[in-house]
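Colleague: Per TrEMBL, the feature domain 'SSD' maps to 240-329. Summarising the annotation, TrEMBL assigns transmembrane segment to 20-41, 180-200, 207-225, 237-254, 275-300, 306-331, 358-379, 514-534, 541-562, 574-596.
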Amino acid sequence: MGKLLHKLSYWIFRHAKLTIVLVMLLLGALGGIAGLTGVHFSSTGLDMKGTESQTALNIVEKDFAGLASKGASEKVVFKATSGSLTDETAQQAMADFVKEEMADDAVEMVILPEQQQNLTKNNAIGYATVTFKKAKEDVKQSSINHLVKATKIPKDAGIETELTGDLTISEMDTGEKSEIYGLLAAIIILAITFASVIMAGMPILSALIGLGISVLGVVILSNWIEFTTSDLSLSGMIGLAVGIDYALFIISRYRQEIKKGHSREEALAKSMTTAGKAVIFAGTTVIVALLAMSTLGISFLSVMGFAGALSVLGAMLTALTIIPAVIVLLGKIATGEKQNRVLARFGRLKRDYGWGKFVSKFKVLLSGMVLLGLIIVALPARNMNLGLPTDANKSTKTTERRAYDIMTEGYGAGHAATLVVLVKTGDSETAQDVATELQNTANVERVTPPMIGNGKSGQYYMITLTPKTDGNAVATKNLVKAIRAKSNKNGNPTLLVTGSTAINIDMSDALLAALPKFALIIVAFAFVLLLLIFRSLLIPFVAVSGFVLSLLATLGALVFIVQEGHFDDLIGLAGPSAILNFLPVLVIGIMFGLAMDYEVFLISRMKEVYDETGDTQKALLEGMNER
């Protein structure tokens with residue numbers, strides 16, 4: 001590997017411009033292919049096949065197919081600010097709304113609150129249902145704009161009017177803003193590190209090009225693999241993180257070799273055979289870790305891991321091509337001979353090995369403090385509650401969140417957590433007895449009368465049940481377990497629970513059960529890997545212990561901040577929320593990648609210095625100076 005990288009560095013040194021052209025041609029070719037094949041992201045990529053809820057959902061779709069329209073559905077939630085929705089003015093406003101909305105040819109029908117009999121007892125809150133002729137992904141933006149415009153009619157009449165349902169009314173841009181803020185922070189840190197604004201942009205540019213290659217790869221493969229937009233987001237996060245790191249390590253090593261008196265050509269070759277080799281090794285370990293998600297037996301996680309692995313591959317490619325080529329073209333700016341005077345002053349802070357000396361002087365005290373701190377931060381992880389985001393987790397600035405709050409006020413917290421219970425029986429009295437028993441079950445708000453299916457899957461009655469708590473609440477999860485526990489017991493027939501809430505609960509339970517297995521695989525892999533590299537038991541043990549503690553502390557911080565709602569205003573969260581059910585798996589994969597990166601780069605550098613000098617203290621200081 002070292003010889004190959006050595007030859008590559010010499011070739012790039014002589015053909016820097018051609019190297020960049022070739023990479024950009026690859027990017028352009030992938031863009032052209034993506035344009036021809038198109039984008040085909042799946043909207044059902046998070047399905048959990050084999051769970052009871054998914055099995056029951058298949059029966060519902062077959063035996064009760066006529067109950068739901070195949071078109072998109074949107075609720076228009078009304079709240080009378082004075083009087084009631086049955087007042088003449090309110091009735092006229094809602095009728096005018098229907099007339100205006102039906103003028104859109106894309107709309108199939110609009111059903112008012114009174115027609116659905118969903119007005120609250122004081123007639124202050126109700127909702128209309130707008131059904132479109134096409135599925136949600138096929139509803140045009142013009143129809144969405146028309147619906148939003150039509151809601152101004154009841155609003156002008158003094159009725160609070162909000163929207164929620166299948167359509168995307170409020171764009172979620174928090175993630176994009178976070179990535180922009182992260183990039184700005186990275187530019188500032190890198191500018192100080194390299195004492196050059198131009199050099200600060202190089203790692204980010206390399207990461208973005210690598211990300212572009214991997215994203216286009218995902219787009220092309222979406223024609224054959226069921227990728228989702230979540231997979232694309234994961235690709236972006238991982239690609240930027242490792243891409244910047246890989247580029248940073250190669251540039252830093254190049255500057256160190258220049259300081260030793262090597263020529264630019266020799267310094268580039270040395271940096272590629274050391275830092276470049278470490279990039280390949282670190283990148284390969286991250287790819288293996290992400291692909292290890294497939295061992296969990298959960299299809300959407302396998303696909304997600306594959307998308308993340310592609311982003312790491314793209315980052316490795318550009319770090320080993322674009323960065324060396326740019327180093328050659330930038331000349332003295334890349335070597336550090338030409339620096340920004342202001343930024344150089346900040347960079348002096350690390351030249352005297354201050355941090356390394358501080359750590360080595362107080363190693364016992366600092367180790368104890370860090371261990372204690374990690375353990376304390378990790379404690380909340382014991383109460384982790386997994387789920388999926390709902391409208392309750394959106395900003396109050398969105399119409400979906402305001403609609404959720406109005407619905408909660410009128411119908412209770414469980415209005416969006418409806419459960420569907422299938423009763424396997426051909427006897428209507430038996431089905432009614434089950435409905436009565438369910439109504440008397442703890443945490444049940446209301447139950448609908450049983451409805452018989454068409455018999456395609458056997459004799460089934462369907463009962464719709466609304467809990468008193470929201471879908472991510474522990475009480476709702478316990479209710480699902482309680483209903484399933486009644487199946488085939490005490491004279492009851494087979495009961496199957498489904499609906500989006502039950503599916504989310506089953507998904508969260510499956511992911512939580514798979515978490516220890518995945519963590520064990522990753523930890524074992526890390527230990528063996530480091531054992532082979534450094535031929536030491538102590539280094540892998542310390543590294544793995546630090547990784548596990550850092551992981552638990554991260555999960556604990558997530559619970560404390562996201563689930564318990566601490567500092568939510570400070571970081572822009574809408575309030576307490578369940579932890580996204582597949583987030584812990586992603587955290588393990590991403591943290592493993594970063595942990596291995598830093599472990600390999602720092603310890604490798606320390607070992608190099610120790611092999612050269614035999615001085616442990618010098619090796620420590622040089623290694624810490626690479627941070």
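These residue numbers are counts, starting from 1, taken along the chain as shown.
Just so it is clear, glycine is given a Cβ too, placed from its N, Cα and C backbone atoms.
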Colleague: Where, among 20-41, 358-379, 514-534, 574-596, do we find the most CB pairs under 8 A to the transmembrane segment (237-254)?
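Modeller: Result: 574-596.
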Colleague: Out of 20-41, 514-534, 574-596, which stretch has the largest tally of CB pairs under 8 angstroms to the transmembrane segment (541-562)?
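Modeller: The listed stretch sharing the most Cβ pairs with the transmembrane segment (541-562) is 574-596.
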Colleague: Take the transmembrane segment (306-331) and find every residue of the same chain, 6 or more past its ends, with a Cβ under 8 Å from one of its Cβ atoms.
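Modeller: Residues packing against the transmembrane segment (306-331) from afar: 5, 8-9, 12-13, 16-17, 19-20, 22-23, 198-199, 202-203, 205-207, 209-215, 217-218, 225, 227, 231-232, 234-236, 238-239, 242-243, 246-247, 250-251, 254, 264, 268, 272, 276, 279-280, 283, 286-287, 290-291, 294, 589, 593.
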Colleague: For the domain 'SSD' (240-329), would you mind checking the mean pLDDT of the predicted model?
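Modeller: A mean pLDDT of 89 is what the model gives the domain 'SSD' (240-329).
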Colleague: Using a Cβ cut-off of under 8 Å, list the residues of the same chain at least 6 residues beyond the transmembrane segment (20-41) that approach it.
Modeller: 209, 212-213, 216-217, 219-220, 222-223, 227-229, 232, 317-318, 321-322, 325-326
